[in-house]
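Engineer: One structure coming up, written as structure tokens, with questions to follow.
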Amino acid sequence: MKTPVDIAVTGAAGQISYSLLFRLAAGDLLGPDQPIVLRLLEITPALEVLKGVVMELNDCAFPLLNKVIITDDAKVAFDNVDYAFLVGARPRKEGMLRSDLLSQNAEIFRVQGKALNDVASRKVKALVTGNPANTNAFLAINNAPDLAPECFAAMAMLDHTRAISMLAQKCGVLTRDVKNISVWGNHSCMQYPDLHHAWVKGQKALSLVEQEWFVNEFIPTLQHRGTQVIKARGQSSAASAANAAIKHMFTWINGTEEGDWVSMAVPSDGSYGIESGLVFSFPVTVTDGVYNIVKGLDINEFSLERLRQNEAELIEERQAVRHLL
Ligand code: NAX
């Protein structure tokens, strides 16, 4: 048997983790011959609930799950980890201003960025899911000066898989027939799901759907998909978010498929005129465990305007958390 790999998950007693942990323990990320140790971080009041989740994990008798560590100390959770799923964040409560939500979550990611900087493996892959995901990742990066910014990414994969599914349904094809979808920008209602470069069974997506559908249905439906799920389910997306987190990390480890790409929110290198350092969702390819922003795509006026709007929103979010940089 191989040496166990340590995986940290924060917000481990929450809804997304209730799906994520079981899939990790079943081998969905690292495969059927790689034992793992789960290092689970929660706030102190949630540790009792987390104990219940650990009981259930143990009750599954997963052959790959060597050990589960639970803690309320980020340095214990991140000790020498290669993979960190940063899921935990504070939900928005009624009456709470967006700026309060930003500051409270920013504080969490400031602390966790520092802890990763101090104790994680130097090649850690840290995926931020907790919202506002892009700005939280920006905070973590800026509080982890000894780690390469490329150790971090924020999750746009749920937006990406939602876009694939919606286009596949519209065209009456399977999701695997859809390639090169891009979701640009912020994981917010501003996000820009883009079909200009997408293909469906070898045909240009925009030659198969009407422009009207793309602009007035595809884009707004995806921008508000999370709200629709909450309306229907009474709770926010959980299993699909866990699936997206695994797909993001799996792709980051194993690479993108030849001729295709995925959407990941990563530190901008100035591509497409987006301010360097902002954590912005781009189409990326992954080779040898390293993501690369897809360069040189033609961006028309329509798309450029949406990229700019996302950049402006992220600059505004950054402004709200400046004091924590
Ligand atoms: P839950 O509220 O069910 O769980 C969050 C958990 O995080 C709680 O158990 C809480 O105690 C814990 N937590 C809070 N502060 C913490 C800290 N400092 N350290 C460790 N744990 C902490 O939320 P859930 O539905 O699991 O969603 C988690 C986050 O994912 C939310 O911020 C949510 O908005 C975000 N999402 C992001 C998505 C994305 O695509 N990027 C999609 C799904 C989801 O909405």
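Note: Cβ is positioned from N, Cα and C throughout, glycine not excepted.
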Engineer: Where TrEMBL shows Arg92, Asn131, Arg162 binding substrate, which of Arg98, Arg122 is named for the same site?
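Structural biologist: For substrate, TrEMBL names Arg92, Asn131, Arg162; of Arg98, Arg122, the listed one is Arg98.
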Engineer: Select one of Asn105, Asn142: the residue that TrEMBL places in the NAD(+) site alongside Gly11, Ala12, Ala13, Gly14, Gln15, Ile16, Ser17, Gln112, Thr129, Gly130, Asn131.
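Structural biologist: My reading of TrEMBL gives Asn105 as the candidate in that site.
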Engineer: Distance check, please: Cα of Arg162 (substrate binding site) against Cα of Ala13 (NAD(+) binding site), rounded to an integer number of angstrom.
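Structural biologist: Pair distance, Cα basis, whole Å: 25 Å.
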Engineer: If you check the recorded positions Ala13, Gln15, Arg98, Asn131, His187 one by one, which have a CB less than 6 Å away from any atom of ligand 1?
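Structural biologist: Ala13, Gln15, Asn131, His187, in sequence order.
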Engineer: How big is the Cα-to-Cα gap, in Å, between Arg98 (substrate binding site) and Gln112 (NAD(+) binding site)?
Structural biologist: 21
Engineer: Quick check on the binding-site residues Arg98, Arg162: which one has the highest count of other Cβ atoms within 10 Å of its Cβ?
Structural biologist: Arg162
Engineer: Distance check, please: Cα of Gly130 (NAD(+) binding site) against Cα of Arg92 (substrate binding site), rounded to an integer number of angstrom.
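Structural biologist: Taking the Cα atoms only, Gly130 (NAD(+) binding site) lies 12 Å from Arg92 (substrate binding site).
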Engineer: What mean pLDDT does the predicted model reach across the domain 'Lactate/malate dehydrogenase C-terminal' (158-319)?
Structural biologist: 97
